[in-house]
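Have a look at the structure below, then the notes.
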Amino acid sequence: MIWYVATFIASVIGTRGLAAEGAHGLREEPEFVTARAGESVVLRCDVIHPVTGQPPPYVVEWFKFGVPIPIFIKFGYYPPHVDPEYAGRASLHDKASLRLEQVRSEDQGWYECKVLMLDQQYDTFHNGSWVHLTINAPPTFTETPPQYIEAKEGGSITMTCTAFGNPKPIVTWLKEGTLLGASGKYQVSDGSLTVTSVSREDRGAYTCRAYSIQGEAVHTTHLLVQGPPFIVSPPENITVNISQDALLTCRAEAYPGNLTYTWYWQDENVYFQNDLKLRVRILIDGTLIIFRVKPEDSGKYTCVPSNSLGRSPSASAYLTVQYPARVLNMPPVIYVPVGIHGYIRCPVDAEPPATVVKWNKDGRPLQVEKNLGWTLMEDGSIRIEEATEEALGTYTCVPYNTLGTMGQSAPARLVLKDPPYFTVLPGWEYRQEAGRELLIPCAAAGDPFPVITWRKVGKPSRSKHSALPSGSLQFRALSKEDHGEWECVATNVVTSITASTHLTVIGTSPHAPGSVRVQVSMTTANVSWEPGYDGGYEQTFSVWMKRAQFGPHDWLSLPVPPGPSWLLVDTLEPETAYQFSVLAQNKLGTSAFSEVVTVNTLAFPITTPEPLVLVTPPRCLIANRTQQGVLLSWLPPANHSFPIDRYIMEFRVAERWELLDDGIPGTEGEFFAKDLSQDTWYEFRVLAVMQDLISEPSNIAGVSSTDIFPQPDLTEDGLARPVLAGIVATICFLAAAILFSTLAACFVNKQRKRKLKRKKDPPLSITHCRKSLESPLSSGKVSPESIRTLRAPSESSDDQGQPAAKRMLSPTREKELSLYKKTKRAISSKKYSVAKAEAEAEATTPIELISRGPDGRFVMDPAEMEPSLKSRRIEGFPFAEETDMYPEFRQSDEENEDPLVPTSVAALKSQLTPLSSSQESYLPPPAYSPRFQPRGLEGPGGLEGRLQATGQARPPAPRPFHHGQYYGYLSSSSPGEVEPPPFYVPEVGSPLSSVMSSPPLPTEGPFGHPTIPEENGENASNSTLPLTQTPTGGRSPEPWGRPEFPFGGLETPAMMFPHQLPPCDVPESLQPKAGLPRGLPPTSLQVPAAYPGILSLEAPKGWAGKSPGRGPVPAPPAAKWQDRPMQPLVSQGQLRHTSQGMGIPVLPYPEPAEPGAHGGPSTFGLDTRWYEPQPRPRPSPRQARRAEPSLHQVVLQPSRLSPLTQSPLSSRTGSPELAARARPRPGLLQQAEMSEITLQPPAAVSFSRKSTPSTGSPSQSSRSGSPSYRPAMGFTTLATGYPSPPPGPAPAGPGDSLDVFGQTPSPRRTGEELLRPETPPPTLPTSGKLQRDRPAPATSPPERALSKL
């Protein structure tokens, strides 16, 4: 326990002792603090208080070493005491530390901190702590020279620059940016610069630079040197033209700068020249201006600046005044010597010099070259070898230079004079001792008397000599200088003559050598010379030499051995300047020294190390495998001292490099390696050779020789042969294509021309006449074309193969034929589009000739119909064109078949009249509607129902107009009915379908229908005979089945014809009565008392049965067709071309209606209200027209579905669906189920022909239609082409080869060959069967039908 108490007491005592020592502030180790100028720093000082008790009060004092009083005192809460140097920058930090802000370089030093405890005693020595503060600062100058300092020229100047910084900076001097070091001119020591022997070159800016790691400081001082002026910009030579102002500049600098400038002309002040002082001015900057210069102002001008210090400098320049050439002081008389050469001079003054001098003699230009012995000199003078009297005259000269001329000279008269001559000549040589007297004679005479003068050749003599009045030269005492060549000159106005002599002075020292030459090397010099006159005694030579930089007393004499005139001097220093001279001597003395020659010996060749030649290896070696080898390419070395001489190419396959080529030119950058082994890996590298050095190898490029094939041959221009062959082949193909196209075009044109020659049918068209009060028929005028209609068909010369009797064509027909040719050629060349063809057809191509009556309605006059029944066909429409809608027309035309014309159609040929020039054409044919749907055969009831469903059937009630909605023959209007308006054809687009109106068929036709009453010369019934029927069927796909009616699917009437029975047996009960058409009630045969002039063309008659939409019509029994022989098949509704070019529609004959099927007169029944005329002689058309005045013109009224007034089928409501039919194949003939019939057009309509009217028989051929009129065909609604006849044997009998018209099908013609049928056409009885072997009955078919009924 006691031990623990003692230990506690000891620890307390120890603690108190430590506290006492801390309070007393025992000294600690000094602290070092570093700061940068401008920063803040804390000088640390700690205070230790007792462990127990309250801290006693204390005072903090900070001292700086070297400052006697504290710089900072702090006690308690009282404000501190701060030294003024630290005011605002010193403060107490923590308890006793000192904080200094913005420290400066002056703050650097030792600082002491003292803490005084007020309640304790302390030891002064042991109390306090020391801190050393180091301030790092950039250099700053404490002493610098002034910005400008002056120094006199020739004196010296010292400039001192002192800098302070931490660390201590280094001070250097620079002049104009160049560092100055210790030299003879400048001395640099501890920041001071001393310049000795100050000159003008020492002036300028001097810079003092003090720098350390903390930064640098720079001070600049300008040294001004006092002295005379220095010309900075001297004047320069100038050239001005006359009357311009001259400007000479002169700028000088000096310190002080009180400069004055003085100008001199030819060493005389410009202000002292009378003519110049009024035209000059000196500016303050020293510039001299001379106004309106004259030629006399040319010369040297000198500028002298001055500032009253020292000697003034000067600078000179020359002024050149340019002016046109002029003549000065032309003498009025020019003397030319006689017998010797003379000159005619022109005193020219020009700047620049004269280039041309032109002479005039006696007012005329002088041709100098034309005078023998005359020469024009370069200065413009004329040299005359020997003057004669021809040279006499008055001369003027006109000089020219680049500026022109001032005019010609004053006139000068040429006078011939004798030249002066010597009366006494001096001797060749005179020898006399020096000091003696000598007289050399010389005398001359002439007119005028010459003046004699003497002169020494070369250097003038300064000895005492004179020329006597007699002309002699007198030497009173000869001297050494008199030695030499002398000349005696006699001169007058004519010319000057000379005489020479040589004077030798004996007894003198040698003359000086001449022509000294020195050839030097590095240590030797070879001196040579030409000796002078020896003075009459033997002379010797010596060579004198010295270094050029030595003084005049350092000459060294080298004796020359007697004889030679050269000396080799050796032991010379290389690259040193030496001076040489030669001295001659004899016994009387020495000569003068020759001229001094200064030369420099050559320097020893400095042995320099061989220059380092840097050759880098070639770059970017690339190996490209080609079909023939390997193409190696590279770039030249990046660095090379000299051009590359060549390249070396190496390769390796294994480990060893082998040489491939070592002679590749240095300008190349590619190499082609050939003849390589197959399937081998190659590595290549390239080296550059420059002089004798070889560079390092380039990078290694590897490539395999696999798949290397021979490269295709290249042409000289670099193209591969396949490419060239392709180009040539393409060119040849194009050339061949062009050639074949040209040949094809020529062939087509030739064929077209042959076809045009073969086809002579004119364009047949349906036109309407322009408004006219009378037609050609009504007016009684018969054109030449109308004669054709009166001829019989058998009279045609074309069809008979005989030469055609060409007749004179009317202008109208010629115009139509030209239009026909142009349109045909355009369409046949396939250049017409459909729209273009339609437009052209509308403008130029008529469809059918129709005469317009006085009331504006279209008229077909039956009065002109010829009653011939031999041929019953309508001439073909040659303008029918096969299009996408109607291909059968072109095919039918191309078939070139010429079937025989039925007798019912042949009667219409003679009633056609030619076109009139006042007629216009209808629109082109309608577009084909793809909505056409072939339908099955229906009965009359079905057709009637369909027409009623589509709105085409007329009600039984009477209508205001008999024409209804279709074309038809109208009966005479009853008194109570309103006259229908005339029909005018509007100009519309392409119609939908074509409608062809037909008159009643003749009674003697083969189909059992009555003929037109006018042809038999009998009156007609007043009843209406409907002649139109719209069947409902289409083409049957079976060749031997019952054909469908293609006309049944149209909502337009299309082709309106009477029905036709198929060629099969009909039950007796179903056959019509005699005299009545089949399928019609007997009430339809009411014959009127008189035949009407206008007949109504009724709507088509339908079958009595279901409508098309209610069910198909059953096909006829096949047994009815089995007993018929194989005949060409023609589908119903087809338009077949005949030999006349007309499309013949194939119409079905309806099944016979049962009795009572129609309860009365039906509008849709076939109305046969024709009276049966009695056989009687047929009058001619004109006789019939005169015999029956009640016959009127047949007028066509517009139908509701007229192709010229209606819209397309697709836009009509209630239209049956139409479907596109398949394109028929030309040449295939099907067995006809029913006979065909052609309708006879009105008499007012004519079909023109290209040649004379055709009068051939029905069996004869005619040309097919013109292709140019095919697009305008109006009957292409439902027409189809003919199929080709099936293969089989030729017909054996007359009836085997007959078609349904009783005609023999004509094969295709070749050239102009026309085939004729062997047998006449058969007739078709009322039963519908062909009678081939039996003769034709005497009675007409209508009579047989009526008798049977």
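Glycine is no exception: its Cβ is also placed from the backbone N, Cα and C atoms.
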Among Asn258, Asn639, can you tell me which residue Swiss-Prot lists with the annotation N-linked glycosylation site?
Asn258
Candidates Cys161, Cys250; Swiss-Prot says the disulfide mate of Cys208 is Cys161
Of the residues Cys250, Cys397, which one does Swiss-Prot pair with Cys303 through a disulfide?
Cys250
Of the candidates Cys113, Cys346, which does Swiss-Prot name as forming a disulfide with Cys45?
Cys113
Looking only at the recorded positions Cys161, Asn241, Asn258, Cys303, Cys346, Cys113 (disulfide bond) has its closest CA neighbour at Cys161
Going by C-beta under 8 A and a gap of 6 or more residues, the same-chain neighbours of Cys397 (disulfide bond) are Val327, Met330, Cys346, Val348, Val357, Lys358, Trp359, Asn360, Gly380, Gln408, Ser409
Asn624 (N-linked glycosylation site) has how many other Cβ neighbours within 10 Å of its own Cβ?
13
Across all chains shown, how many C-beta atoms besides its own are within 10 angstroms of the C-beta of Cys161 (disulfide bond)?
24
For Asn624 (N-linked glycosylation site), identify the closest of the disulfide-bonded residues Cys45, Cys442, Cys488, judging by Cα separation.
Cys45
Where Cys250 (disulfide bond) sits in the secondary structure, as DSSP reduces it to three classes
coil
As a whole number of Å, the Cα atom of Asn258 (N-linked glycosylation site) is distant from the Cα atom of Cys250 (disulfide bond) by 15
So among Asn241, Cys250, Cys442, Cys488, all listed as recorded positions, which is physically nearest to Cys161 (disulfide bond)? Use the C-alpha atoms.
Cys250
Cα-Cα, Cys303 (disulfide bond) versus Cys208 (disulfide bond), nearest Å, comes out at 39
What is the nearest of the disulfide-bonded residues Cys208, Cys250, Cys488 to Cys45 (disulfide bond), using the Cα of each?
Cys208
Three-class DSSP assignment, Asn258 (N-linked glycosylation site), comes back as coil
If you measure between the CA atoms of Asn241 (N-linked glycosylation site) and Cys250 (disulfide bond) and round to the nearest Å, you get 21
